[in-house]
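Undergrad: Sending over a structure as structure tokens; questions will come in a sec.
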Amino acid sequence: MTQVSNRETPRGVAVLSRFLASESAGGIVLMAAALAALIVANSSLSASYFSILHSVWLGLSVELWINDGLMAIFFLMVGLEIKREVLAGGLATWGQRALPGFAAAGGMLVPALIYIAINWGNPQTLSGWAIPAATDIAFALGVLSLLGNRVPTSLKVFLAALAILDDLGAVTIIAFFYSSGLNLPMLAAAFATLAVLIALNRLNVRRLLPYLLLGALLWFFVLQSGVHATLAGVALALCIPMGKPEEEARSPLLFLEEKMHYWVAFAVVPIFGFANAGVSLSGITLANLIDPVPMGVALGLFVGKQIGVFLAAVLAIRAGLATLPENSNWVQLYGVAILCGIGFTMSLFIGNLAFPGSQHLIDEVKVGVLIGSGLAAIAGILLLRTRFSRH
């Protein structure tokens, strides 16, 4: 992928520009939220912090409302981005999908294999194999934004496209590997609601209200069905009509995406980060850091991501299946591959799904994610800053 598609219309270009800007700024806010959570969790306020998260409201803990409710809005945003990019954006043609597609596949496979190798023989911890397989688009773009305008737009678009495809892979993994104890009547109700949403799309209903009301109903049914509730957000997004290029001024999808971006970037994701990054470091020793879970997560993110993304990209380019992003070189591409190891939001999210009955393992996941993502952010920014300072 070398540039934004020529098929993309002016409003689509504006949406992409705002997307990159808000995701970058949102990533910085997310960093602050994560740091604040770490400080609070290791201060005199820690008891209040964890007490609030575990307090129950309307049958669910505050933590579950955030992870199952607010994150459904995040996944709605992810679904809207995927649909826009595939229909009229940077993933509109197979040629544009090739490089981020191969890179995303490699960047999911290698980290998972590293985690599996380190946790082999332990069925309980092996279920966390998907934790290091995701890239946090907000965090990664936020770190990349620290270099300012020195970074070619093509590299930013490549990273955004890769992370979007990465999210699509993560959604698929959650659907197939982290859903259990299915409630068939509720699942049938969810499919019936989804069928109505699809019918609205086919009938070219362009008012958002019916979609949003049915989407809320879909979320409830999916929550009760045993399938993870956040998938309702993705399903709803795929049903909201994009419209033809000449109708983009009235596109429900673009309108909703524009309205949601800042709320997701500056509220939903930081709240999730603050609620999930807090881990008490008391009692954690160097010996704990080499336990299979934190070691597998940290090495999967920091080592596995850069190897998987860069190797897959090199093979695709050398085979003539893709081209190097415009105005970039191999070292810069490698720097971006390192940044793909920032897996904060989705990695923490999958960690909660992988170990629902063990706070100890969830805390180990948090430590591994913080170390792996931190190393990836530092190494990536140092390499890219050194490289760009020479030009």
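Glycine is no exception: its Cβ is also placed from the backbone N, Cα and C atoms.
I grabbed these lines from Swiss-Prot:
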| type | residues | note |
| --- | --- | --- |
| TRANSMEM | 19-39 | transmembrane segment |
| TRANSMEM | 56-76 | transmembrane segment |
| TRANSMEM | 98-118 | transmembrane segment |
| TRANSMEM | 128-148 | transmembrane segment |
| TRANSMEM | 157-177 | transmembrane segment |
| TRANSMEM | 180-200 | transmembrane segment |
| TRANSMEM | 208-228 | transmembrane segment |
| TRANSMEM | 264-284 | transmembrane segment |
| TRANSMEM | 297-317 | transmembrane segment |
| TRANSMEM | 335-355 | transmembrane segment |
| TRANSMEM | 364-384 | transmembrane segment |
Undergrad: At an 8 Å Cβ cut-off, counting only pairs 6 or more apart in sequence, do the transmembrane segment (335-355) and the transmembrane segment (264-284) clear the bar of 3 or more pairs?
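TA: Contact confirmed: at least 3 Cβ pairs fall under 8 Å.
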Undergrad: Mark yes when the transmembrane segment (180-200) and the transmembrane segment (208-228) have three or more Cβ pairs under 8 Å (sequence separation 6 or more) and no when they do not.
TA: yes
Undergrad: Would you kindly list the residues that approach the transmembrane segment (128-148) from elsewhere in its chain, counting only those six or more residues past its ends and only Cβ-Cβ distances under 8 Å?
TA: 20, 23-31, 107-109, 111-112, 114-116, 119, 155-156, 159-160, 162-164, 166-167, 169-170, 173, 177-178, 265, 269, 293, 296-297, 299-301, 304-305, 336, 339-347, 350-351, 354-355, 361, 365, 368-369, 372-373, 377, 380-381, 384-385, 388
Undergrad: Can you find at least 3 Cβ pairs under 8 Å between the transmembrane segment (56-76) and the transmembrane segment (297-317), where each pair is 6 or more residues apart in sequence?
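TA: The transmembrane segment (297-317) and the transmembrane segment (56-76): touching, no.
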Undergrad: Between 180-200, 264-284, 297-317, 364-384, who has the most Cβ pairs under 8 Å to the transmembrane segment (98-118)?
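TA: Most Cβ pairs under 8 Å with the transmembrane segment (98-118) come from 297-317.
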Undergrad: Before we move on, state whether the transmembrane segment (364-384) and the transmembrane segment (180-200) share at least 3 Cβ pairs under 8 Å, counting only pairs 6 or more apart in sequence.
TA: no
